[in-house]
Ligand code: NDP
C-alpha cells in the first residue's frame, strides 16, 4: 500500500504542502500520498488519531494546532521541546514522535541569501512561528537576537525559556534608534493586511527584511521595508519549502532538492 501523509490545519484549503510534497516525491522517486485534512477547531487530536489509526505514517501540523500537536506527541525532539510547538509528527516503533522543522526551514532559506553568524537580528512577534525559530537562529551564533512583540511581556516570557546571553526581549515601541542587519517579521500583521508601527530608523539599504508570510502580492511589511530603502526583501515561501523538505527527510530519509520546487511554486503564484 502507498504510504500516506497529511497536513492538518484549519483552514487548510489553500495549503501548498500537498503540491510541495508531491514534487519532492516525484523528484526522489518515493511513492507516497499526501492530502489536506481540516480538523474542527476543537478536534485536532481526534483527527490526527483517526488518520494514524487508518494507516497514516505521519503528518504536518499547521495553524492553529501546533501547540496541541506538541501535547499530543509521545516523544519530542529537543528543538520541538524548546519551541513548545510541533509541526511534524510520525509513528515509529515506540509511538508518536513530534518535531518542529520551522526554524531549520527558516535558517536554510536565510543562509541562501545572507550570513547569520555575528549578525544583529530583530525577530518581530512572539507567537507560534517566533517560538519555533528562536533556538535554530541562536544556533547560528548571531551577535544579538532581539525579540520584539506588541505585548512586550509575551516576548519577555518567551526569551526566558532560552538561557542565552545574546537574546533579549522588548516591546515594539522601544525600537527607535536601534540598528539590525536582519529584521524578521513573525507576526501575523501582514496576514491581516496591517503594517507594524516600526520606526523608520530601523531601515538601511543593507538591512535584510524577511517576512514569514508569502503570497502573490508584496506583503505590507516588505512594502514598509521597501519604502525605507531596503534592497534585499524576502518572503516566507522559501521557509515553507525548506521546512517541508526537512519533514520529508525525517519521514523518508531522503533530502529533496528545494530550489527547483521553490522556482515552480513561485511561477505558479506569479511572484519572483
Ligand atoms: P500567532 O497568532 O501565534 O502570533 C501572532 C503574533 O503576531 C503575535 O506575536 C501578535 O502579537 C502579533 N500580531 C498580530 N497582529 C499584530 C499587529 N497588528 N501588530 C503587531 N503585532 C501583531 O501566529 P503565528 O506565529 O502562527 O504566525 C505568524 C506568521 O507567520 C503568519 O503570517 C504565518 O502565516 C507565518 N508563518 C509562516 C511560515 C512559513 O513557512 N513561511 C510558518 C509558520 C508561520 P501579540 O502577542 O501582541 O498579540
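Cβ coordinates are placed from backbone N, Cα and C, and glycine is handled just like the others.
Pulled from TrEMBL:
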ACT_SITE  66  active site, proton acceptor
BINDING   15, 16, 17, 62, 87, 102, 214, 243  shikimate binding site
BINDING   125, 126, 127, 128, 129, 212, 236  NADP(+) binding site
DOMAIN    7-89  domain 'Shikimate dehydrogenase substrate binding N-terminal'
DOMAIN    114-190  domain 'Quinate/shikimate 5-dehydrogenase/glutamyl-tRNA reductase'
DOMAIN    236-265  domain 'SDH C-terminal'
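Positions of TrEMBL features highlighted on the structure.
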{"residue": "15", "record": "shikimate binding site", "DSSP class": "coil"}
{"residue": "62", "record": "shikimate binding site", "DSSP class": "coil"}
{"residue": "87", "record": "shikimate binding site", "DSSP class": "coil"}
{"residue": "125", "record": "NADP(+) binding site", "DSSP class": "coil"}
Worksheet item: In the domain 'SDH C-terminal' (236-265), how many residues does DSSP put in helix, strand and coil?
Response: 23 helix, 0 strand, 7 coil
Worksheet item: Across the domain 'SDH C-terminal' (236-265), what does the pLDDT come to on average, as a whole number?
Response: 98
Fill in: Cβ contacts of residue 243 (shikimate binding site) (under 8 Å, same chain, 6 or more positions away)
87, 101, 102, 104, 105, 106
Item to complete: Just report the maximum Cα pair distance in Å for the recorded shikimate binders 15, 16, 17, 62, 87, 102, 214, 243, no decimals.
Response: 18
Discussion item. Using a 10 Å cut-off on CB atoms, tell me which of the binding-site residues 15, 17, 127 is the least crowded.
Written reply: 127
Worksheet item: What is the three-state DSSP composition of the domain 'Quinate/shikimate 5-dehydrogenase/glutamyl-tRNA reductase' (114-190), stated as helix, strand and coil residue counts?
Response: 25 helix, 20 strand, 32 coil
Practice prompt. Using C-alpha atoms only, work out the spacing between residue 16 (shikimate binding site) and residue 127 (NADP(+) binding site) and round it to an integer in Å.
Written response: 22
